[in-house]
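Take a look at the structure below.
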Amino acid sequence: MAGAIIENMSTRKLCIVGGILLVFQVIAFLVGGLIAPSPTTAVPYTSVKCIDVRKNHHKTKWLMPWGPNHCKKLKDFDEAVSRQIEANDIVFAVHIPLPSKEMSPWFQFMLFIMQLDIAFKMDNDLKENAEITLDVSLAYRDDMFNDWEEIAHAIEIRKLKCTFGSPKTVESEGRHYDCDFLPFMEIGSVAHKYYLINIRLPVNDRKGINVGIGEIKDIRLVGIHQNGGFTKVWFAMKTFLTPSILIIMVWYWRRITLMTRAPVLLEKVIFALGISMTFINIPVEWFSIGFDWTWMLLFGDIRQGIFYAMLLSFWIIFCGEHMMDQNERNRLSGYWKQVGPIAVGSFCLFIFDMCERGVQLKNPFYSIWTTEVGTELAMAFIIVAGICLCLYFLFLCFMVFQVFRNISGKQSSLPAMSKARRLHYEGLIFRFKFLMLITLACAAMTVIFFIVSQVTEGHWKWGEVTIQVNSAFFTGIYGMWNLYVFALMFLYAPSHKNYGEDQSNGDLGVNSGEELQLTTTITHVDGPTEVYKLARKEAQE
């Protein structure tokens, strides 16, 4: 009767813990779905064609598309031909944002893609594999009457990938090509109120610059930035989750240090996973509101990379520590075959990110995909990282298969074991099955919500309630992995209770061989883990 009561109490505790985590998970999704707006906004811009015939001795090299000091404009290129204005004297000007609006540091970043309106003309056809050369400049100011300050200037080359759906005849002149979008600019902070982009298309027949690119009618840009409302919700979540994970991490490590033995490898990896999660959570983005930190996008990629590398390493080591054989695996060197691909793949992705966003710190117009060498280099890094990821999952699947095979073998022999050894193996089996269940649930939710966010229109409307699906995906998945790490440290922390000698060896009839086996895992004489207690194993004692 007493055993049944204790068993019910342990089951109730496990249900309570699971229920609390489920409530927080639902709240994380609802925060993004009901409170936060859409994560990003896309704003279309059409450039204004300005005349810069006095560019060599102009008072300022910046040409404004509108406002009190706007440039002299061209309606179209036919007007330029009639007025004998050369292509080198035309500047495409784009002001960011649109009139009567201001940019804000809460927007966090700006990403621009370019679309060219190219018309077909018999005597100025678009050549195959044509390249367009852009002379681009970016400036800022924080007052409508201040002078523009230059941020960056560069000469960039973009490959044109266009198709023409009609026969190239005289009757088709004037119809536009269907061209792919081109990467234009990415900047990792929005520290100023106004930005100005000036684009020139220099023509040099002798050097073949901008020759054979067709008749360009217009240059259009699409600017994408993070919504300020979503940024505030995101910062609030980070600010709330940081102390939560930090507190459970300190509590977890204190439990380990109170024991008489040194921490085992699995405990160290769980603690390192908590550190990497805390590294992501620390809301250093608050400083980006007051400082022009253009490196925040790169820093965010590095933080995520560290967390994913630790998460993948944890899954491998967790499987190895539950293999239930006689091999010694309490050393990281014992997993070099499985962890090696993680390290190589992470390094390749880091180098790729440095070649892209690292260079963009100096030149926001740079893109590694715009040259053949850059494209081949980028593809090489991505392919190597992909191969490493495939090798990792092969190793992981093989280890999971081995664990389940060993589990089936041990379960058939459990009744014949001594009580201590049977409890030991039952704890291992439960821990492994429990973590595999919640890991698969987290991975499935991540994939499902990602697919839903891609195939839907971005929001669902139920009556008067609008749910932002994309925002719910970001906040929900972010909260889910925080809860995953929180649950790991809570459920796999060693018990703080003191278990007497009668429970550790004497009364259970443990021989020397069984004592050695018990000390190779978390559950041994220093007390079981929280998940072991909640799994009703103590009730069986």
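For all residues, glycine too, the Cβ spot is worked out from N, Cα and C.
Note that TrEMBL annotation is computational and uncurated.
Note that this is a predicted model, so its numbers are computed, not measured.
Quick look at what TrEMBL annotates:
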DOMAIN    48-226  domain 'Wntless GOLD'
DOMAIN    227-496  domain 'Wntless-like transmembrane'
TRANSMEM  233-253  transmembrane segment
TRANSMEM  265-284  transmembrane segment
TRANSMEM  296-318  transmembrane segment
TRANSMEM  339-359  transmembrane segment
TRANSMEM  379-407  transmembrane segment
TRANSMEM  428-452  transmembrane segment
TRANSMEM  472-493  transmembrane segment
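When averaged over the domain 'Wntless GOLD' (48-226), pLDDT in the model lands at 88. Between the transmembrane segment (233-253) and the stretches 296-318, 428-452, 472-493, Cβ pairs under 8 Å are most numerous for 472-493. Outside the transmembrane segment (472-493) by six or more residues, the chain places 17, 21, 24-25, 27-33, 36, 39, 230, 233-234, 237, 241, 244-245, 248-249, 251-252, 255-256, 266-267, 270-271, 273-274, 277, 281, 311, 431, 434-435, 438-439, 442, 445-446, 449-450, 452-453, 522, 529-531, 534 with a CB less than 8 A from a CB of the stretch.
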